[in-house]
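For HIS137, ARG369, the entry in TrEMBL reads substrate binding site. Annotated pyridoxal 5'-phosphate binding site per TrEMBL: SER186, ASP211, GLU212, SER213, HIS214, THR242, LEU243, GLY244, LYS245, SER275, ASN276, in sequence order. Marked as domain 'Aminotransferase class I/classII large' by TrEMBL: 44-388. According to TrEMBL, the feature N6-(pyridoxal phosphate)lysine maps to LYS245.
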Amino acid sequence: MSDQAFYSSLQQKLATLEDEGLFKPERVLASRQGAEVVAQDGRTLINMCANNYLGLSGDVETQEAAAAALEKYGYGLSSVRFICGTQTVHKELEQALSNFLGTEDTILYAAAFDANGGVFEPLFDENDAIISDALNHASIIDGVRLCKAARYRYANNDMADLEKQLIAALDAGKRHKIIVTDGVFSMDGTIAQLDKIVALAEKYGALTMIDESHASGFMGATGRGTHEHCGVIGKIDIITGTLGKALGGAMGGFTSGKKEVIETLRQKSRPYLFSNTLAPMIAGASLAVLERISKSTELRDRLHENTAYFRQEIERIGFTIKPGTHPVVPVMLFEAPVAQKFAARMFELGVLLSGFFYPVVPMGQARVRVQLSAAHTREQLDTVLKAFEQAGKELGIIKN
Ligand SMILES: *Cc1c(COP(=O)(O)O)cnc(C)c1O
């Protein structure tokens, strides 16, 4: 406590964040997660900014599955997996995820952040090349940094640039090359062109990896993910993803792929070796979620119906959106102050939304990001659309 300058420099940096409008306050909810949430002040809001795509976060069936696992396996294990932290429920969940994703084996982590953080260093070294999309998630960027492989970056979703980088890695004489991309990019709802990526990987003898955090459970005809959506099931080498979004929403992550890849990670991946096992109630609930969505596509179908309806109606009212089919719907407001004012007005009108502006998105591309859920009713979506119309007219974004 003898270095006061340290604390004053932090205070200054925090004040600068506030001045620049980059400080992130936390919204406090007084209820469970869902299509409607209760704010701390007691107001009920329609929630349009959770990654709760299938509506399972506050869902009673999910909760009951967690409670059953809690009852059977207890609260926690006080151990990493390889000492005494592996229960039957962890092995069952890994098997179920492999079946669901169409892979050979799966390893669980406490978070997808850890899955991505611990996937590169055990598998690749300075003789290899990682070719990564410029907009990949922070956890992929950090994971790549922890690895000695040469780094190549291609412009977001740009297949010509990807090919250029593959050629550069080939010319540099790199041994193994892996193309890494988010399956879906969460700021724009852009879906990676996995069919083209797989074709390029085949042409240049490269491996492929996708992060399915915004896809597992609802993209593709049966919700298996972006690889199903793009018709390349069985052609992706490594799949990472989260249990903390569509697949239940608590926490947890995974890496899935060929047996020898997963076994290497079990032996060498540091966030797996040196961090506690996933709580058994989360493993049990995730297992129940996978069983539920493997039996019926009802939730996935409802999510896509809600998405199609919202995308159609919001454009009809006169707003500009990024075109697409994903339940992430960026409603473009372009200027940062407009996006801020708009989100604040929507909050007053009872709709929870988040605004994004530079540097999170490019300058002049400010927006509010709507995320649809299977839990939203048509009535709730109509209320939200009415609020959009009202706020849009008040702020002169759409015509009267
Ligand atoms: C949310 C997210 C993660 C992190 O997931 P956690 O399980 O919460 O750590 C990783 N990658 C992508 C693409 C994400 O969207």
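In case you wondered, yes, glycine gets a Cβ from its N, Cα and C as well.
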Return the residues near HIS214 (pyridoxal 5'-phosphate binding site) by Cβ distance under 8 Å, restricted to its own chain and a separation of at least 6 in sequence.
ASN51, ASP182, GLY183, VAL184, PHE185, SER186, LYS245, HIS326, VAL328
Which binding-site residues from the set HIS137, SER186, GLU212, HIS214, LEU243 come near ligand 1, judged by a Cβ under 6 Å from any of its atoms?
HIS137, SER186, HIS214
Taking the Cα atoms as reference points, how far is ASN276 (pyridoxal 5'-phosphate binding site) from HIS137 (substrate binding site) in Å?
23
Determine, to the nearest whole angstrom, how far the Cα atom of ARG369 (substrate binding site) is from the Cα atom of LEU243 (pyridoxal 5'-phosphate binding site).
22
Run through the Cβ atoms and count how many others sit within 10 Å of the one on LEU243 (pyridoxal 5'-phosphate binding site).
30
Can you see whether DSSP assigns ASN276 (pyridoxal 5'-phosphate binding site) to helix, strand or coil?
coil
Neighbour-count leader, CB within 10 A, binding-site residues: SER186, ASN276:
SER186
Among SER186, ASP211, GLU212, SER213, HIS214, THR242, LEU243, GLY244, LYS245, SER275, ASN276, the record's pyridoxal 5'-phosphate binders - longest CA distance, Å:
28
HIS137 (substrate binding site) and LEU243 (pyridoxal 5'-phosphate binding site), Cα-Cα, nearest whole angstrom:
16
Among all protein chains shown, how many Cβ atoms are found within 10 Å of the Cβ of LYS245 (pyridoxal 5'-phosphate binding site), not counting that one?
25
For HIS137 (substrate binding site), nearby residues of its own chain (Cβ under 8 Å, 6 or more apart in sequence):
ASN116, ASP182, SER186, ASP211, SER213
If you skip the near sequence neighbours and keep only those at least six away, which residues in the chain come within under 8 angstroms of GLU212 (pyridoxal 5'-phosphate binding site), Cβ to Cβ?
LEU101, GLY183, VAL184, MET219, GLY225, THR226, HIS227, ILE239, THR240, GLY241
Looking at the domain 'Aminotransferase class I/classII large' (44-388) alone, can you tell me the average pLDDT?
97
